[in-house]
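Here is what TrEMBL records for this protein:
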DOMAIN    59-152  domain 'EamA'
TRANSMEM  9-28  transmembrane segment
TRANSMEM  48-67  transmembrane segment
TRANSMEM  142-159  transmembrane segment
TRANSMEM  171-192  transmembrane segment
TRANSMEM  204-226  transmembrane segment
TRANSMEM  260-280  transmembrane segment
TRANSMEM  301-318  transmembrane segment
TRANSMEM  324-343  transmembrane segment
Amino acid sequence: MTNNEQKSVFFINSLLVGMILVGTFNTLVYKYQNTTVIDGVTFIHPYMQALCMFVGEATCLVFYFAFQMKAEKDPNKEDGGFKILSIPALFDGITSSLQHVALNFIPSSIYQMLRGGLMIVTAAFSKFVLKKKLSNQQQFGILLAILGIFIVGLSNFLFRKAKSDDFSWEIKLISIALIIVSLFTQAAQYIFEEKLFQQYNYHVFYVVGVEGMWGLLYFGIVMPILNFTPCNFKEGCVFRNEKGYWECTDVFFQQLGADVWLTVSVVMGIFSIALFNIFGVNVTKYVSALTRTVVDTIRTILIWGIGLIVTATTSRVWENTSKWANLIELVGFVFLVLGNLIYKEMLKIRFLQNKKQVLIEEE
């Protein structure tokens, strides 16, 4: 009997809901950080934020050993080791770095449009690496979800306010290329984790915690380089003594010391990303990597709604307030929700139905 068959529908749905809610909270925490201004200087520390992400993941090891957690034993599988988890951690580190660099130079709406590509890449990897195939209904659901994400991103792109100091198309194209590459590394991480769960006995807390430890090692090597590598762009750099660098760890802690709520948000970010990864890796283990990428897009709706409230009631600008942009976004979200319902077969399309079990192994 498979892990998926052993777990109840309630347990699986709880994982999915938890992943959406905690993921939404985590994104909003980072939105708060990135719109915080200390003494006229915006809080821009993408690499330290990525490092904090791995700190959060590494804390899972504390709970794993403190509560003496044990992996579910499958006699047909070997016990998983420590070293092999360095591979998904490396994919995670590369993905975070590429996206953090790119997002300094392009609108978040473009990233949002490109996110739909993660479902395509993950679906392709599921077929060719895990030897799975999608039913016609699942394929249709993914296409609707991708269309919804594209519409949401396009609305922000068409109605965004132009910046006088916008970047050149050369830098934008390079940034888009970096994000496209990151989709492959992120999909590779998810698929590799699913493959590990198929072959080895692993506890989710152990996987998340060890990946966090490997991530800390990687960033421990990279961070000194980023602290002393000059950054000559107008935006996206951290300034120390009027000189721009890709990251300044000392400035990061100085700004935390100057704002208590910013410090609280960083701590909440550490723990929320740990919890988000626990939910996400559980979904990969008991359902699939593809389901993890498809369902995760739902949190875009919650982020949008809360962002509108924050923008309307505070001085922070989290979302576009244009009525046309929001009307188009609403249409996109309808497609997104329908796509998820169809993919999960909660809404059945009769002419797309077949008698074969979805996501079965090819013979």
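Backbone N, Cα and C define each Cβ position, glycine as well.
TrEMBL labels come from automatic prediction, so no person has curated them.
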Per the Cβ filter (under 8 Å) with a sequence gap of at least 6 from its ends, the transmembrane segment (48-67) is approached by 30, 33, 93, 96-97, 100, 203, 205-206, 208-213, 215-216, 219, 223, 247, 249, 252, 266, 269-274, 277-278
**Request:** Decide whether the stretches the transmembrane segment (301-318) and the transmembrane segment (324-343) have at least 3 CB pairs under 8 angstroms, with pairs required to be 6 or more apart in sequence.
**Result:** yes
Near the transmembrane segment (171-192) in space but 6 or more residues beyond its ends, with Cβ under 8 Å, are 87-88, 91-92, 94-95, 98-99, 101-106, 110-111, 114, 117-118, 121-122, 124-126, 129-130, 233, 284, 289, 292-293
Note: vs the transmembrane segment (142-159), the recorded stretch with the largest number of Cβ pairs under 8 Å from 9-28, 260-280, 324-343 is 324-343
> the transmembrane segment (324-343) and the transmembrane segment (260-280): do they have three or more Cβ pairs under 8 Å, with pairs 6 or more apart in sequence?
Replying inline: no
Checked against DSSP, the composition of the domain 'EamA' (59-152) is 66 helix, 3 strand, 25 coil
Restricted to the domain 'EamA' (59-152), the mean pLDDT of the model is 85
